[in-house]
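Novice: Feature table excerpt (TrEMBL):
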| type | residues | note |
| --- | --- | --- |
| REGION | 1-200 | region 'Disordered' |
| COMPBIAS | 10-22 | compositional bias 'Basic residues' |
| COMPBIAS | 23-33 | compositional bias 'Basic and acidic residues' |
| COMPBIAS | 44-59 | compositional bias 'Basic residues' |
| COMPBIAS | 101-110 | compositional bias 'Polar residues' |
| COMPBIAS | 111-121 | compositional bias 'Basic and acidic residues' |
| COMPBIAS | 138-148 | compositional bias 'Acidic residues' |
| COMPBIAS | 177-189 | compositional bias 'Acidic residues' |
| DOMAIN | 294-581 | domain 'SAM-dependent MTase RsmB/NOP-type' |
| BINDING | CYS386, CYS387, ALA388, PRO389, GLY390, GLY391, LYS392, ASP410, ASP437, ASP454 | S-adenosyl-L-methionine binding site |
| ACT_SITE | CYS511 | active site, nucleophile |
| REGION | 587-624 | region 'Disordered' |
| REGION | 673-703 | region 'Disordered' |
Amino acid sequence: MGRKLDPAGKARRGPGRKARKQRGAEQELRRFLPPDPEDSPRKLSSHVRRRAAKRRIKSARLPAGKTTLALRESAAPGESLPKGAKKQAALQDGRLGGFSDISTWLTPSSAEKRPRPKESEQDAFSGSEELEGPRESDGEDGSDDGMVDDYGALSSGDEEELLPIEQAAQKQKEQDMSEEESEEEEEEEEPRKHDEAQETDLQLNVEAGERFLLPSGQEVEKEAAEPPDLQLIHQRIKDNIEVLQDFGTKREEGRSRQEYLTLLRQDLAAYYSYSDFLIGKVMELFSLSELVDFLESNEVSRPVTLRTNTLKTRRRDLAQALINRGVNLDPLGKWSKTGLVVYDSSVPIGATPEYLAGQYMLQGASSLLPVMALAPQENERILDMCCAPGGKTSYIAQLMKNTGLILANDSNEERLRSVVGNLHRLGVTNTVVSHCDGRQFPKVLGGFDRVLLDAPCSGTGVISKDPTIKANKDEKDILRCAHLQKELILSAIDSVNAASETGGYIVYCTCSVMVEENEWVVDYALKKRNVRLVPTGLDFGKEGFARFRERRFHPSLKSTRRFYPHTHNMDGFFVAKLKKFSNAIPKVPQDEEPTEEPGVPSAREESAPVAAAVPLSTGGKQEERLQGVKKQAAKRGFSALTAAKTELRGESKVKKQKKRVLVVQRGSFQAQSRLAKASWSSPGGRRTQAVSSRQRRAPQSCP
């Protein structure tokens, strides 16, 4: 069945018969090859080239431990060394190297001819094949420089197996690689030069002593006339902060700290595009070490986070499903059992089948904290006063396992549409959506167990989401938001039932870092309502301010929590938890009037026998008691005196009115009495008066 494979057979090397007959290829390839300086008139066949290759290979495989010089000494006087070994022996003798002192090779050779080696001895090196045609003499050194391949190119030791076209391609490739390396080196040198130039430019304000100097008035005017150099400003900010951190040793003589702070404020506002008001507020809030970190963190967006909807799935199953879709994610942290953070995704994270099925909700990490602080329980009545867009409301329903009742309220009717859509998608069934002003909510409905108030604010904690806040907010906006927040927190407290068995809690939160919108509002609520601050239950976060600059707040405000983007890698947030212990609204104490004059006795002093009954000749304790009683009596007397004064004023007014009425009545009565006396002065006087009146009227009636 066919020919058998001969394992001893060897594949032929070199061009075949048809290739040898194609003489035109030699002429075509000459155009691509460099001209040969020494063109040999004779050419070698393929057999000669193969035998030469074999000789080189065999000469390279000499017995280990025997050098060419040893072979030469051991050889018989009539024998000759192999051609490859002759060259190596010449190199070792120094005939080709030029560094040996042996000069015997310079003597002319003898005229006697060397005997021809026997075929048996020559077969080990040169083989028994006969040369085809006459062959050029290789010389005494046995070099093969005269061999030419089929295409007329000289064959070297390294390139004897490469075709001429391959040799040309290799040379061209080496040239291309050398050009590419030179270009890469030039490209690497250009950025280095550019960086060096930038470093020299950035060190303009640094003197030989490496001390930062404030710019002069002319430099300030020049900078104001030209476009801002951000690199120079950035370097100046760093140097300025270094000086302020060690102001005693690095400051410039004759310069105050306020001048450095003013320059830093201007540079920060120019570099980060903040308004002068807002950058001033930020500088008051953070130290110099945290100031730049906070501003830099607002320039970077926060990582995308999502919350697992445990009403429909588990976090492990959701994570596996999203990973299979090409989403790179990790658990949010040990503090959250439902959060996931997404690093990158090959699919739109807000349009996956899992999202449309309501298995998760795109929600910031900081938005999970207020609901965790609220800690809703099953079968409770809970109010979310500002619920849009529904992330916190759905999280409350998730923790309540769709039991109890949630009232989701918002004053913006258009935003309630997103609330309804998210609640339907997430499968929430225990929520009622309402549209009402939160400030009037206690008049509508009350008696809730817990209330969550995510109050509208200036948004200074989410600048990374809305960079327009940097320049749009001013002091009026902050105060307007603070006033609205004070009204809302009082309304939220009034909506809670203090007698609730499981609740009576209010959680107040904002996405702002301003003290006017956070600690100031909570401190106002502590004064106006019967509430107290309790721990939020959050293990991380910074404490709230109990004192800030000239303001002093209630000491319990340390239990509130602040979250910053540069510290916790989440949006800036504030969380406070209040406990209501009485439904009664405390009366606001009236401002005390100025004290009485020293000579006027109070009305209470007469009716204060306790103070008079205490003897004056008593010990120290009795004197303290006496002073306390006197103070109480004075306060009571002062209040009684003011009441007596108001009563006297009222009585005086009434008396004046009565006097006026009496005067009018007396005037009319006196006139009547005068007429009566005139008529009854003598007997018959009344009749005569009547007759006289008739006589007076008679001429008027008839002429």
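From the backbone N, Cα and C atoms, a Cβ is placed for every residue, glycine too.
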Novice: Which bits of the chain, at least 6 residues beyond where the compositional bias 'Acidic residues' (177-189) starts or stops, bring a Cβ under 8 A of a Cβ in it?
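Specialist: Answer is none.
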Novice: In Å, rounded, how far does the Cα of LYS392 (S-adenosyl-L-methionine binding site) sit from the Cα of the residue listed as 'active site, nucleophile'?
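Specialist: Given the Cα positions, LYS392 (S-adenosyl-L-methionine binding site) is 14 Å from the residue listed as 'active site, nucleophile'.
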Novice: Rounded to the nearest Å, what's the C-alpha distance separating ASP437 (S-adenosyl-L-methionine binding site) and the residue listed as 'active site, nucleophile'? Just drop the number here, would you?
Specialist: 20
Novice: Roughly how wide, in whole Å, is the group CYS386, CYS387, ALA388, PRO389, GLY390, GLY391, LYS392, ASP410, ASP437, ASP454 that binds S-adenosyl-L-methionine, by largest Cα to Cα distance?
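Specialist: Taking every pair among CYS386, CYS387, ALA388, PRO389, GLY390, GLY391, LYS392, ASP410, ASP437, ASP454, the longest Cα gap is 20 Å.
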Novice: What average pLDDT is reported by the model for the domain 'SAM-dependent MTase RsmB/NOP-type' (294-581)?
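Specialist: Taking every residue in the domain 'SAM-dependent MTase RsmB/NOP-type' (294-581) and averaging pLDDT yields 94.
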Novice: With every protein chain in view, what's the tally of Cβ atoms within 10 Å of the Cβ of ASP437 (S-adenosyl-L-methionine binding site), excluding that atom itself?
Specialist: 13
Novice: Express the distance between the Cα positions of ALA388 (S-adenosyl-L-methionine binding site) and CYS511 (active site, nucleophile) as a whole number of Å.
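Specialist: About 14 Å separate the Cα atoms of these two residues.
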Novice: Across all the protein chains here, work out how many other Cβ atoms are within 10 Å of the Cβ of LYS392 (S-adenosyl-L-methionine binding site).
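Specialist: LYS392 (S-adenosyl-L-methionine binding site): 24 neighbouring Cβ atoms within 10 Å.
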Novice: Using a 10 Å cut-off, grab the number of neighbouring Cβ atoms around the Cβ of GLY390 (S-adenosyl-L-methionine binding site), all chains included.
Specialist: 27
